[in-house]
Amino acid sequence: MAIISSKKQPPEPNGQPNKRPESAPAAPKEKVLQPEAAIDEQGKQEESIRPQKFADYIGQKDLKDVLDIAIKAAKSRGEVLDHLLLYGPPGLGKTTMAMILASEMGVNYKITSAPALERPRDIVGLLVNLKPGDILFIDEIHRLSRMTEEILYPAMEDYRLDITVGKGSSARIRSIPLSKFTLVGATTRVGALTSPLRDRFGLIQKLRFYEVDELSQIVLRSAQLLQTQVTDDGATEIARRSRGTPRIANRLLKRVRDYAQVKSCTEVSQNIAAEALQLFQVDPCGLDWTDRRMLSVIIEQFNGGPVGLETIAAATGEDTQTIEEVYEPYLMQIGYLSRTPRGRTATKAAYKHMGFTPPNEQLSLL
């Protein structure tokens, strides 16, 4: 329930040391593997490569099938699409999917994020201005304040906004009807959502990491839109190093394009892509300096682990949330890192990739 004053307010402003490889990880040059959207990717060029319909959206077949059924059913009944919660690692296309839903339903959409909805009037202003069928996309929805969540409860269930006008004995509750809308929430931490909020979503879907062949198609499509010549092998080379994430694939493509242009290359071949990505310290498995530093700390300083998250964060200079949400999921997916109740451990594959020999006790377990 929102509390709104009737007075107008002014605007606010351990074991034996292992043999070290010949070359230790160098200091990072640029974080080209961070899946968070960069400033230069918020302009027209980013929008130009973003798919506008399901036919152009590569990958996530299971998700597209589920949403296609939901859209067709809602259209046939003349109803709005049910509220949808999308969760998964950053950069997999949650925002893009919300835009495609609006396009497929033939409605408008509004995009915001939970940290921007600090005060009740922030979310109230969005809700009262929604038109019938509109889609409201809230990114990082797990970071909503308790008061904002409580405003959303009746809005999601009954399309109603309950507000308290005035204070003290003169206060009164007023219900404002809202247009029927669809709330699409996105989060990287679905477990952080409160049960009352999570249970109000009719559809809860997970986005998975992409396969190399899917990312190759994304790279080729983006290259065509960016008017850049990329060979199939060049696209595959970029895709292999993109950590299963389309946003990273598109970012690496732009960096490789810059490299090819400066080197006067007419097209991006596999060799050119490999040379460019080596310059940016992205290895053939998609690991960057922070990934290698994490594995190096676990292997060299703690004999393979287990190591606590806070210790890894201190050694790499990253915060614990970034490590948990950005780096660990991919390292676990490719089998380089394991999470145990006692901490993080490096796997045999990680030892091999980093150029170390696993200790005997770990070899017996693997």
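Just so you know, glycine gets a Cβ as well, placed from its N, Cα and C.
What Swiss-Prot records for this protein:
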- ILE49, ARG50, GLY91, LYS94, THR95, THR96, GLU157, ASP158, TYR159, ARG200, TYR210, ARG247: ATP binding site (BINDING)
- THR95: Mg(2+) binding site (BINDING)
- ARG339, ARG344: DNA binding site (BINDING)
- 1-49: region 'Disordered' (REGION)
- 13-210: region 'Large ATPase domain (RuvB-L)' (REGION)
- 211-281: region 'Small ATPAse domain (RuvB-S)' (REGION)
- 284-366: region 'Head domain (RuvB-H)' (REGION)
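Positions of the features from Swiss-Prot, shown on the structure.
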| residue | record | DSSP (3 states) |
| --- | --- | --- |
| ILE49 | ATP binding site | helix |
| GLY91 | ATP binding site | coil |
| GLU157 | ATP binding site | helix |
| TYR210 | ATP binding site | coil |
| ARG339 | DNA binding site | strand |
| ARG344 | DNA binding site | strand |
Can you check which residue among the binding-site residues TYR159, TYR210 has the largest number of Cβ atoms within 10 Å of its own?
TYR210
Secondary structure tally of the region 'Head domain (RuvB-H)' (284-366) (DSSP, helix then strand then coil)
49 helix, 9 strand, 25 coil
Model confidence over the region 'Small ATPAse domain (RuvB-S)' (211-281), as mean pLDDT, sits at 94
For the binding-site residues ARG339, ARG344, the one whose C-beta sees the most other C-beta atoms within 10 angstroms:
ARG344
To the nearest whole angstrom, what is the C-alpha distance linking ARG344 (DNA binding site) and TYR210 (ATP binding site)?
24
State the Cα to Cα distance, in Å, between TYR210 (ATP binding site) and ARG339 (DNA binding site), rounded to an integer.
22
Candidate binding-site residues ILE49, GLY91, GLU157, pick with smallest Cα gap to ARG339 (DNA binding site):
GLY91
